[in-house]
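> Quick one: the structure is below, questions incoming.
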Amino acid sequence: YSVQATAAIAAAITFLVLFTIAGNALVIMAVLSSRSLRAPQNLFLVSLAAADILVATLIIPFSLANELLGYWYFQKTWCEIYLALDVLFCTSSIVHLCAISLDRYWSVTRAIEYNAKRTPRRIKCSIFIVWTIAAAISLPPLVYKGEKKVTTGGRPQCKLNEEAWYVLSSSVGSFFAPCLIMILVYLRIYLIAKRRSRPTSTTKPGTRPPHTQLNREKRFTFVLAVVIGVFVLCWFPFFFLYSLGALCPRRCKVPEGVFQFFFWIGYCNSSLNPVIYTVFNQDFRRAFRRLLCRRRAP
């Protein structure tokens with residue numbers, strides 16, 4: 001890169017890091033301090049925001065240095081840890097979204113029964129399981145490093161195992177399988193909601209939760225559907241090209257610049273959830289306004 005391009009890229013990514021940290025920190029504070037957001041299921045959003053903050057602090061700065069320098073400047077041990085953490089945080093994000101989808105599904109299909117069991121302790125156990133699954137998927141980069149390849153110019157590189165079996169299995173486990181689960185779950189939620197929106201005379205009093213609670217559940221289900229949709233849009237091009245390169249490495253290879261562009265688009269997703277909450281959810285807007293105004297007040 002030229003000096004001007006290096007400065008522009010560094011400035012843009014620095015802004016991305018700061019915006020991601022600030023936005024997701026606001027999400028965490030909003031959920032923990034706002035009465036309207038203190039529902040147990042919103043702990044999923046706290047954990048998801050924490051994962052995005054970890055991406056901004058532990059992954060993006062080193063990816064930026066690697067991008068601008070063209071080689072891995074840091075220790076070999078840190079390279080292995082960095083790769084495992086990169087996979088861990090990305091995978092944890094999508095597994096969080098899977099857990100949120102299932103939580104929404106159960107809250108729609110078994111509203112009264114499930115909401116009675118939806119305690120903070122159960123949600124925390126679910127979050128622990130989410131991180132455990134993500135950790136299990138991210139271990140292979142540390143355990144099996146694949147064949148060693150000589151780097152061009154003798155400069156060290158920090159890359160994931162590029163063998164086809166690993167690329168395809170990690171892509172399926174970290175992205176495509178969870179995406180399929182989420183799409184099927186949300187399709188089912190949509191069909192149930194559509195059926196329930198039709199007026200019926202068979203509904204008995206007491207068989208449905210209060211109207212205000214139903215409306216809040218519907219609004220939040222829509223917001224989380226947007227979060228999932230944006231996540232898929234940001235990461236699908238990268239995982240598609242990543243998998244395509246493993247399936248036909250010679251004929252299907254895309255230019256490195258295109259691949260890197262979609263790689264960084266995926267990282268940008270970590271900054272978008274606070275924006276989505278602000279645009280689509282009134283409770284978050286109020287909580288953010290309260291937090292920001294309180295800090296500006298003398």
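Cβ from N, Cα, C; glycine included.
Just so you know, TrEMBL annotations never went through curation; they're auto-generated.
This is the feature table in TrEMBL:
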- 6-31: transmembrane segment (TRANSMEM)
- 23-277: domain 'G-protein coupled receptors family 1 profile' (DOMAIN)
- 43-62: transmembrane segment (TRANSMEM)
- 82-102: transmembrane segment (TRANSMEM)
- 123-144: transmembrane segment (TRANSMEM)
- 164-187: transmembrane segment (TRANSMEM)
- 220-241: transmembrane segment (TRANSMEM)
- 261-280: transmembrane segment (TRANSMEM)
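What's the neighbourhood like for each of these?
Remote same-chain residues near the transmembrane segment (6-31) are listed as 37-38, 42-43, 45-46, 49-50, 52-53, 55-57, 60-61, 64, 67-68, 264, 267-268, 270-271, 273-275, 277, 284, 287-288, 291-292 (criterion: CB distance under 8 Å, separation of at least six residues from the stretch ends).
Beyond the ends of the transmembrane segment (43-62), by six or more residues, the same chain brings 13, 16-17, 20-21, 24-25, 27-28, 31-32, 74, 78, 82, 85-86, 89-90, 92-93, 96-97, 99-100, 103, 120, 123-124, 126-127, 130-131, 267, 270-271, 273-274, 277 to within a C-beta distance below 8 angstroms of the stretch.
Below 8 angstroms of C-beta separation, residues 90, 93-94, 97, 100-101, 104, 107-108, 171, 174-176, 179, 182, 186, 189, 193, 254, 258-259, 262-263, 265-266, 268-269, 272-273, 276-277, 280-281 of the same chain, each at least six residues beyond the ends of the transmembrane segment (220-241), sit close to that stretch.
Tertiary proximity for the transmembrane segment (261-280) is limited to same-chain residues at least six positions away from its ends with a CB under 8 Å from its CB atoms, namely 13, 16, 19-20, 23-24, 26-27, 45, 48-49, 52, 55-56, 59-60, 63, 90, 93, 222-223, 226-227, 230-231, 234-235, 237-238, 241, 288.
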